[in-house]
Structures are given as C-alpha cells and as structure tokens.
Ligand code: ATP
C-alpha cells in the first residue's frame, strides 16, 4: 500500500494566445501548487483490474476518472498484469479550476511508478500524463512553473513571495470546455506573463499582485454573477488582489497578513460554502 498527496493548483496568470489547427488553444500559464490536497491511496489487488473508490459525489468511479486513466496508461504501456485499488480522499473542490482530477492522475502516475518499480523519470511521467490531460504534466512536478503549448511544456520557476491564499468556490461547477467554447479570441485581455515571471524571480509581492491575470475570467464572470460577487467581497475585506483560477469558478485572494486572511475568510462564511485559507507550496514534489 502506498499513499501519495495530490495538491491543488492555482493560476497566477492564464493567457490564451490562439486556437490551433488541432482544436487545442495555445496557452501561457503560470501555475503554483497550494497546500490543499487530495489523498490517494494505492493498494495492490490480486485480480488484474483497476478499482476506484471515492466517497465524494460527482467523482466518477470508472474510466471517466483521470486517476483510472493514469493507471490504465501505465498498465498498457508497460504490459503490467497487476490490479490496483485507488482510493481518493477528496479535499479539492470538483470542477473548480483547481486541477483536482489532473492532480489525482499525476499522483497515481508517481505512486504506481514506485509501487510497480517502473523507474520512470518525472519527465517520462509528464509525457504520459499529457496523453490524459493538458494540466497533468505540471501536476507531476508541482511547485511553480510557466506552462506553454497546450499546457504541457513546463519551465520551472522559483517559489513565489510568501503570502496567504484565500480560496472560495461558489456552489456551481464550471466546465472548462464550455468556457473555452464561449471565448472570443479577438477580445481577450491578455495578462502580462513576462512581468509575472520577473515578479516571481525578484520575489516582489506587490508586482505579483499587480500582474495577476486570467484571459478566461471575463467569460466565466458573464456566465455566473456569483464569481463577481465573491471577487468584490474579497477586495472589500482587504485582499491585495483577487483572481479566478483556471476556468473557474474558484476565486482566490492574496494577502501577507494573517489577520487580514482571517477577516477575508470570515467575510465569506455564509456567503460561499467552500472557503479555504492555504499557502503556496513553493517547493516541487520530490522524486522519492
Ligand atoms: P482544471 O482546473 O484542470 O480545468 P477542474 O479543477 O476544473 O480542472 P476537476 O475537479 O478535475 O476540474 O473535474 C472536472 C470533471 O472531471 C469533474 O466534473 C469530474 O466528472 C471529472 N473527473 C475525472 N476525474 C476526476 C477526479 N479524480 N476528481 C474529480 N473529478 C474528476
């Protein structure tokens, strides 16, 4: 039996450059993992099958689960005739823009690499992960990175300046596909990705706050008024800046003061059902 943590990610920036001939969008995203985790337990089974268990609603227990696909990929590629029970203790809100499913898949790839003694590098695992979803490569490494291409090309960055991150998810789920479907690439407000990269490299918190930006935010804001209400609420409670993560609907606010983090958290209770105060992890996931 083996336990593997699957951290959530947030987007400090998300830019959409254009739509490619293969149907994917060319993106530029700066992502960082935070200390909100799903716990993945991997248990070997006598029978040659993949079984998914999760007590949370909306988490599929079959091939639709990205964690199932991760195990299946490894079995197919390396002709593994062993079975595995994957138990997912979900903490990361589902369909939230926090890459919960992708992070679970990445954790299964890392975990089964150890359990089945495959000795694959993180680069090899990231390549396999990309066949499952565009965010899985980033989730293999965690930490902070600039992701380009359709999200699978990863350039590692140092840890961002230390701060509190208040995450708030309204009680709606958002489909990434639907948001991209509504995006008009001619009208995008592009974030300044290179300024965010330098803010992180310089350890400049103010510059990081100033350069938060997400090209998908406007689309989701127009679909769901709750997202704007939460943004306004966080700003009036004292967040230094607020942004939607991924395709939403989760919104995060930043502050360096714990008392202000508490105030923002308290101002959202009753207003929003899932609220968390977390830290950026900074460090990448280690190979062992
Ligand atoms: P992203 O930020 O990568 O767009 P997300 O955080 O918005 O992802 P997920 O939580 O990964 O979204 O879930 C999106 C959908 O994927 C869910 O509605 C669910 O049906 C399906 N899904 C597949 N595998 C998982 C998993 N392991 N955990 C949660 N949802 C999963």
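FYI, residue positions are counted from 1 along the chain as it appears here.
Keep in mind that glycine also has a Cβ here, set from the backbone N, Cα and C atoms.
What TrEMBL records for 9, 135 is active site. What TrEMBL lists as ATP binding site is 93, 94, 95, 96, 97, 98, 99, 100, 101, 102, 103. Taken from TrEMBL, the feature domain 'GHMP kinase N-terminal' covers 65-143. Taken from TrEMBL, the feature domain 'GHMP kinase C-terminal' covers 196-272.
On the structure: features taken from TrEMBL.
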| residue | record | DSSP (3 states) |
| --- | --- | --- |
| 9 | active site | strand |
| 93 | ATP binding site | coil |
| 99 | ATP binding site | coil |
| 135 | active site | coil |
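Mean pLDDT across the domain 'GHMP kinase N-terminal' (65-143) comes to 97 in this model. The Cβ neighbour count for residue 135 (active site), using a 10 Å radius over every protein chain in view, is 28.
Surrounding the centroid of the Cβ atoms of 93, 94, 95, 96, 97, 98, 99, 100, 101, 102, 103, where the record places ATP, the chain contributes additional residues within 8 Å, namely 8, 92, 246. Fewest other C-beta atoms within 10 Å: among the binding-site residues 95, 99, that description fits 95.
Within 10 Å of residue 9 (active site), as judged by C-alpha distances, the binding-site residues found are 99; the full candidate list was 93, 95, 99, 101.
Among the recorded positions listed (9, 93, 103), none has a CB atom closer than 6 Å to any atom of ligand 1. Around residue 93 (ATP binding site), the same-chain residues at least 6 positions away in sequence with a Cβ under 8 Å from its Cβ are 100, 169, 250, 274. Helix, strand and coil residue tallies for the domain 'GHMP kinase C-terminal' (196-272), in that order: 43 helix, 11 strand, 23 coil [DSSP]. For the recorded positions listed here (9, 97, 101, 103), the lowest count of other CB atoms within 10 A around the CB belongs to 101.
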